[in-house]
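See structure below.
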Amino acid sequence: MRLHLITVGEPKLTYARLGWEEYEKRLRRYHKLQVTRVSGRTQAQESEAVRRAAGKAPLVLLDPRGRQFSSPDLSAYLDAQAVGGVGELAFAIGGPDGHTDELRSSAHLLWGLGQLTLPHDLAMVVLVEALYRASTISAGEPYHR
C-alpha cells in the first residue's frame with residue numbers, strides 16, 4: 001500500500017529532521033512512500049493545501065480528538081485497509097492551529113497520538129516511527145517487542 005505523508009512545513013530541529021529521515025528510509029522498505037510539505041498563512045489555507053495534496057486518497061488527520069491506537073492496533077488498521085482494497089492512505093499533520101472543522105469532518109479518520117501536546121517537529125517523528133513500527137508488526141519482524 002502507498003502511504004502519503006503530508007506535513008505543514010518541514011522539521012526544523014536537527015534531532016527531528018534526522019529522526020524523520022531515518023524512519024522515512026526504514027518505512028520505504030514496506031510501503032511506497034510519498035512525502036509532501038505544504039504551507040499556508042492561515043489555518044484555512046493550510047487545510048486546503050492538505051486536502052489538495054491528499055487528492056482522492058482516504059485522509060487520516062492527526063488530531064488530539066482522534067482515535068488512539070496501540071501499535072498492534074495501528075498495524076491491524078493498516079492491514080485492514082490494504083485487505084479492503086485501499087491502495088493509498090494519506091496521513092496529515094496540520095500547522096500550529098491544527099485542521100479546520102471542515103477538513104476534520106471530511107477525513108476518513110482522526111488519529112490522536114495521545115493526550116500530550118507535542119511540538120510539531122516531534123509529532124512528525126512520532127508519526128513516521130509509528131507507521132514504521134506498525135509495518136514491522138505486520139511483517140512479523142522483531143522491532144516491536
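A Cβ is built for glycine as well, from the same backbone N, Cα and C atoms used for every other residue.
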Swiss-Prot S-adenosyl-L-methionine site partner of LEU62, LEU113, GLY114, GLN115, LEU116, THR117, LEU118, selected from GLY55, GLY94, GLY95: GLY94
Among LEU62, LEU118 [binding-site residues], residue with fewest other Cβ within 10 Å: LEU118
Most Cβ neighbours inside 10 Å, all chains, among the binding-site residues GLY94, GLY114: GLY94
Long-range Cβ environment of THR117 (S-adenosyl-L-methionine binding site), under 8 Å and at least 6 residues apart: PRO64
